[in-house]
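> Quick one: this structure, given as structure tokens, is what I'll be asking you about.
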Ligand SMILES: *[C@@H]1O[C@H](CO)[C@@H](O)[C@H](O)[C@H]1NC(C)=O
Ligand SMILES: *[C@@H]1O[C@H](CO)[C@@H](O)[C@H](O)[C@H]1NC(C)=O
């Protein structure tokens, strides 16, 4: 039945992946003081644990140690087949706009998928070793990736080519752009290194008491950090200080995500203890620990999490942009939408990498 006009309930669903191979979807009722989560779907398409999940306006994708990416159509509420291209555990998935998906895996490949026909448009040998994490710039024109070859790589998504390689001291397992796209964070074990895009150099590091499992930018400066314990910590990356912490779960927090309501932020956490929890946080000068809005016991050991909130899906530029092949051109392309610039001094230009075309795989 339709919601009564006047109540501004958001269409919102939380999607979690688990060791038990199952993806769960919970519809959230937000128009009450205590939010409730109602089981909406379970998707058991994988034959090994789920390692990554992402949601676009229309689709939920899950990646697994079984080397497949499974699709779920949120509009038709049905399974939508599998993407069989990688020869290794899927480690990261991210949509850009509603037209493309990027996947990374332990085979070292980054794949660009079209969401229209679910074709693999480009398959890039991105890292020697595994691809561990990727992040798409808010402009949709650049992506970062990290892998087990101690490099941080920048990709031009307009032509699928490697723009720059940066050698880092350790293997990073998480990389993430800030919402404004003027900085990014790379995580190696328990340490976050903050990079400034303009100078391409580290502006600070912050160390968590435990290995970091997941991070989420709540604003351009506040990052929620989940680690191998039950605490979620909030870090101000401008001052490189921990500004707030709260006990979120009984055991390790495996994933953290967030979304914005009208005047507050909702932090969502998923844990090995089986629970998904929603926390209400007011983003103000002096941060106070968030209050619990609602929770659900999935009874599975959760590994990853995504928020499906179709009204807030960012539309990135879909108009064909100019083919930028040099760092200066990439920077110029980016600065058309965002006032950011990439320094060419700190980075190494790579020209060995050419987009490879593979015939294998594709949607079914
Ligand atoms: C990772 O961080 C944890 C917690 O700080 C530490 O005990 C461990 O030795 C670190 N591991 C490596 C490989 O640096
Ligand atoms: C979560 O559900 C499982 C399975 O029904 C149950 O064994 C467990 O006690 C529940 N956890 C809590 C804290 O209620």
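Using N, Cα and C of the backbone, Cβ positions are placed for all residues, glycine too.
Just so you know, TrEMBL annotations never went through curation; they're auto-generated.
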> Of 315-335, 336-356, which range does TrEMBL call region 'Disordered'?
315-335
> Which whole number is the mean pLDDT over the repeat 'WD' (83-123)?
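Overall, the repeat 'WD' (83-123) comes to a mean pLDDT of 95.
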> So, by DSSP, how many helix, strand and coil residues make up the repeat 'WD' (83-123)?
0 helix, 24 strand, 17 coil
> Based on DSSP, tally up the residues of the repeat 'WD' (124-165) by helix, strand and coil.
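Tallied per class, the repeat 'WD' (124-165) gives 0 helix, 25 strand, 17 coil.
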